[in-house]
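Visitor: Let me begin by handing over the structure; questions about it come next.
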C-alpha cells in the first residue's frame with residue numbers, strides 16, 4: 001500500500017471556492033462536533049452553584065452575556081483571526097507551535113538533529129516570515145538557545161498541553177454522551193431514570209470505542225449531516241423560544257449584565273464561571289485539526305454556521321428560562337426542558353448522535369497527538385494502524401483506545417453527575433487554551449518577527465480572561481477538577497520519563513561509538529566471512545559507528561556482503577517530501593560495501609509498510625552509487641566523521657533515478673536471475689553470474705530483481721559492479737539487526753535518576769512496542785542482540 005500520495009498538498013497553493021466550501025462542510029462533522037453539543041450542559045453546569053433565579057432575570061441574563069462574549073472573544077477572535085495563522089506548514093495544535101519554535105530558536109528536544117535537516121524544503125516554509133528582526137526578538141532567541149532550563153520548561157509546557165488534550169479525550173465522550181442521554185429524565189420517573197441513564201451511557205460509550213478499529217472513513221460521511229442537523233435543530237428551537245417567550249432577550253448581550261451578575265452573586269457567580277467555560281469546549285479542535293482542512297474552510301464554517309447557531313441556541317434557552325424560574329422536576333435548568341414536548345424524542349435521538357460524533361472527533365484527535373508525541377520521542381512506542389489509505393491522519397491505536405474506554409467508563413460510573421464531569425472537563429479545556437496562549441507570544445516574536453509589545457498585549461488580554469476561568473475551575477478541585485490533573489500528571493510522568501531515558505540512551509551511544517580507525521584496521525572483509533545478503537543494522541546515530549556493531553563483529557562468525565547502518569528519525573516538521581526522504585552515504589572505503597542511510601519523517605508522516613520501505617531503501621542506495629560523482633553529490637559535511645551524505649528521494653518520487661522491479665520466478669527465460677538495463681532504444685543488458693546458472697528445483701521460488709537505470713548520465717564500470725553486487729545481495733534477502741537495550745543508571749547517580757531510569761523508563765521499555773513494530777519489520781528477518789547501557 002503506497003501511502004506517500006495521501007500527504008496533503010501545500011497549503012500555500014490557492015484553492016477553488018468549491019474545494020473550500022467542501023472542506024468547510026466536512027469540517028462541521030470532524031471539528032465542531034464537541035463545540036456544537038455544549039448547549040446540552042452549559043446552563044445546568046453554570047447554575048449548579050445554587051444560584052437562585054430572581055424575577056429580574058439578572059442571573060439568566062448575566063450567564064447569557066458571559067456565554068456570548070466568551071464565544072466571541074476566545075473561539076472567534078483568538079482562534080479564528082489569530083491562532084489559526086500560526087500553522088506549521090498547514091498543521092495545527094500544541095506540537096505545531098512547539099515545532100515552529102524548535103525551527104526558529106534551536107530548542108528542539110530531539111537528540112539526533114542535523115544541519116542537513118535545516119535544508120528540507122518544509123523547514124523554512126512558514127507562511128508569515130518577515131526580515132524585520134527586532135533587537136528584543138534576537139535577545140529572546142539567544143536566551144532560549146543558551147539556557148537548557150528554559151528549553152526544558154518549554155518542552156514541559158508543550159507536554160502539559162498535550163496531556164490535557166488526552167485528558168479531554170477521556171472526559172468529553174463521558175460528559176457529551178451522559179448529557180445527551182440525560183434527556184430521558186423528562187420522560188420517566190426519577191426512580192426509573194437512575195437505573196437507565198448510566199447503563200445507557202456506558203453502552204453507547206462501549207459501542208463507540210468498539211467501532212474505532214474500523215476507522216472513521218467507514219461512517220465519516222454521516223458526521224457532517226448529523227452535526228448540521230443538530231445545529232439547525234438547536235438554532236430553530238432557539239428562535240422559537242425567543243419569539244415565544246422573550247423577544248427582548250437580546251438585551252442580555254450587553255457586557256453590563258456580566259458586571260451586574262458578578263456584583264449580585266459574588267463568590268457563587270465567580271465559581272459558576274467554571275460551568276460557563278464549557279461553552280467553548282472543542283474550540284482548540286479548530287487549531288488541532290487544521291492539517292485535515294484549511295484555514296479558510298474552518299473560518300467559514302465557524303463564522304457563518306457554528307457561531308450564529310450556538311448564539312441562537314443559548315439565547316433561546318435563556319429566553320425560556322427567563323419565563324420559567326421554577327420547574328417541578330429536579331432537572332430544573334437543563335437543555336431538554338426548553339425543547340417543546342412534541343419534538344423532545346426526535347431531538348434526544350439527534351443529540352445522542354451529535355454527542356457520538358463529537359466524541360469521535362476528540363478520540364481521533366487523541367490518537368493523532370499521541371502519534372506526534374511518539375514521533376518526537378516523548379511517548380513510548382505504540383502500534384499505529386492507518387485505517388484509510390486515502391484520507392490522511394485517520395489512525396487507530398489499540399492500546400490507547402481501550403485505555404480511553406476504561407477511563408471513560410470509570411468517570412461515567414464514578415461521577416454520574418453532569419456537574420462534576422463539567423468541572424473536570426472545564427479545567428482540561430482551559431489548561432490547553434492557556435498553554436496555547438503562553439506559546440503564541442513566542443511565535444509572534446520569533447516566527448512572525450512582530451513587535452514584543454504585540455506579544456505582551458496578546459498574552460495580557462487573552463491570558464487574563466483564561467486565567468479568570470482557570471481559577472474558577474481550579475477552585476473545584478475536590479468536586480471533579482482533580483480528574484484531569486491526575487490524568488495529566490500520570491501522562492506527563494510517562495512522557496518525561498520516556499523522553500529522558502531516550503535522551504540518555506542516545507548520549508551513551510554518542511559517547512561509546514566506534515572510531516573509523518578501528519573499522520579500517522579490520523580490512524574490507526571486516527575480519528569475518530561475508531555472506532550473500534543485505535544486513536540492516538538499526539541505530540539511532542546519524543554519524544559514526546554504533547558500539548553495538550563492534551559487539552556483532554566480535555561475536556558473529558559471518559556477516560552480510562552489504563551492510564547498511566539504518567537510522568529512522570523524526571524531524572521537527574509535519575511532513576518530509578518524498579524527494580528528500582533519504583540521506584545516503586558511505587562508511588569507509590568503497591570495497592567495504594558499508595553504507596549509512598538516514599530515513600527522515602515528519603511528525604505527521606505515514607510510514608510505508610515493510611515491503612515498500614525495503615524497495616525504497618535499496619533504490620536509494622542504488623541511486624547513490626549511480627550518482628556518486630563529485631559534481632553530482634550534494635555535500636553535507638558530518639562534523640564528527642567527515643562523511644558526505646547525499647539527498648535521495650523515494651523510488652516513486654524520483655522518476656529519473658534508479659528503479660527496481662521484483663518478479664516471482666515464473667519465467668523459464670531467466671531462472672533465479674536478475675538484470676540491470678538502461679532505458680532507451682539501445683539499452684544494454686548486464687547478466688549476473690547467478691543468472692547463467694541453471695536451477696531446476698522450482699520448489700522454493702526466488703525473487704528476480706531488476707534495476708532500471710536511466711540512460712544518462714552513463715555510469716562507470718566500478719559503479720556497475722557495485723550495483724550488480726547490490727542486486728545479488730537484495731536477491732539473497734535482507735536481515736534486520738536490532739540492538740535490544742537494557743538501560744541502567746550508573747553507580748553514584750542520584751536517587752531520582754535511578755528511579756526514573758531503573759524503574760520508570762525500564763518499565764515503559766518492557767511494556768511498549770519494540771523497534772520492530774515501529775519499523776514494520778517482519779519477525780522472521782529480525783535478529784536482536786542484547787546490550788546493557790549505563791547512563
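Here the Cβ of each residue, glycine as well, is placed from N, Cα and C on the backbone.
Just so it is clear, the model here is predicted, and its values are computed rather than measured.
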Visitor: In TrEMBL, which of 106-128, 129-151, 221-243, 244-266 is tagged transmembrane segment?
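Guide: That would be 221-243, per the transmembrane segment entry in TrEMBL.
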Visitor: Would you mind telling me which of 391-415, 516-540 TrEMBL tags as transmembrane segment?
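Guide: My reading of TrEMBL: the transmembrane segment range is 391-415.
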Visitor: According to TrEMBL, which of these ranges is transmembrane segment: 31-52, 427-448, 559-580?
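Guide: That would be 427-448, the stretch labelled transmembrane segment in TrEMBL.
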Visitor: By a Cβ-Cβ criterion of under 8 Å, what residues six or more beyond either terminus of the transmembrane segment (268-288) are in contact with it?
Guide: 31-36, 38-39, 41-51, 62-63, 66-67, 70-71, 74-75, 79-80, 83-84, 92-94, 96, 165, 168, 172, 261-262, 298, 302, 310, 314, 358, 361-362, 365, 368-369, 419, 422-423, 425-427, 429-430, 432-433, 436, 468-469, 472-473, 475-476, 481
Visitor: Taking 3+ C-beta pairs under 8 angstroms (sequence gap of 6 or more) as contact, is the transmembrane segment (153-175) in contact with the transmembrane segment (481-498)?
Guide: yes
Visitor: Out of 195-214, 343-370, 391-415, 427-448, 455-475, which stretch has the largest tally of CB pairs under 8 angstroms to the transmembrane segment (221-243)?
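Guide: The stretch with the most contacts is 343-370.
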Visitor: Short question: which residues 6 or more past the ends of the transmembrane segment (455-475) have a Cβ under 8 Å from it?
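Guide: For the transmembrane segment (455-475), the sequence-distant neighbours (Cβ-Cβ under 8 Å, at least 6 residues beyond its ends) are 70, 73-74, 78, 82, 270-274, 276-277, 423, 426-427, 430-431, 433-434, 437-438, 440-442, 444-445, 481.
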Visitor: If I take every residue in the domain 'K+ potassium transporter C-terminal' (532-790) and average their pLDDT values, what number comes out?
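Guide: It averages 71.
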Visitor: Would the transmembrane segment (391-415) count as touching the transmembrane segment (60-81), if touching means at least three Cβ pairs under 8 Å and pairs must be 6 or more apart in sequence?
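Guide: Between the transmembrane segment (391-415) and the transmembrane segment (60-81), contact is absent.
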Visitor: Counting only residues 6+ away from its ends, which parts of the chain sit with a Cβ under 8 Å from the transmembrane segment (481-498)?
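Guide: For the transmembrane segment (481-498), the far contacts come to 156, 159-160, 162-164, 166-168, 170-171, 274, 373, 377-380, 407, 411, 423-428, 431, 473-475, 756, 760-761, 764.
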Visitor: Take the transmembrane segment (60-81) and find every residue of the same chain, 6 or more past its ends, with a Cβ under 8 Å from one of its Cβ atoms.
Guide: 35, 42-43, 46-47, 53, 249, 251-258, 260-262, 264-265, 269, 272-273, 276-277, 279-280, 283-284, 286-287, 298-299, 302-303, 307, 310-311, 314-315, 318, 321-322, 433, 437, 462, 465-466, 469
Visitor: Are there residues at least 6 beyond the ends of the transmembrane segment (427-448) whose Cβ is under 8 Å from a Cβ of it, and what are they?
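Guide: 74, 78, 82-83, 86, 94, 97-98, 100-101, 104-105, 126, 128-130, 134, 136-137, 140-141, 154, 157-158, 160-161, 164-165, 167-168, 171, 274, 277-278, 280-281, 283-284, 287, 454-456, 458-459, 462-463, 466-467, 469-470, 473-474, 476, 481, 484-485, 488.
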Visitor: Near the transmembrane segment (343-370), which residues from the same chain, at least 6 beyond its ends, have a CB less than 8 A from one of its CBs?
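Guide: Those are 29-31, 33-37, 40, 93-95, 162, 165-166, 168-169, 172-173, 176-177, 179-181, 183-184, 186-187, 204-205, 208-209, 212, 216, 222-223, 226-227, 229-230, 233, 237, 282, 285, 288-289, 335-336, 379, 382, 393-397, 400-401, 404, 604, in sequence order.
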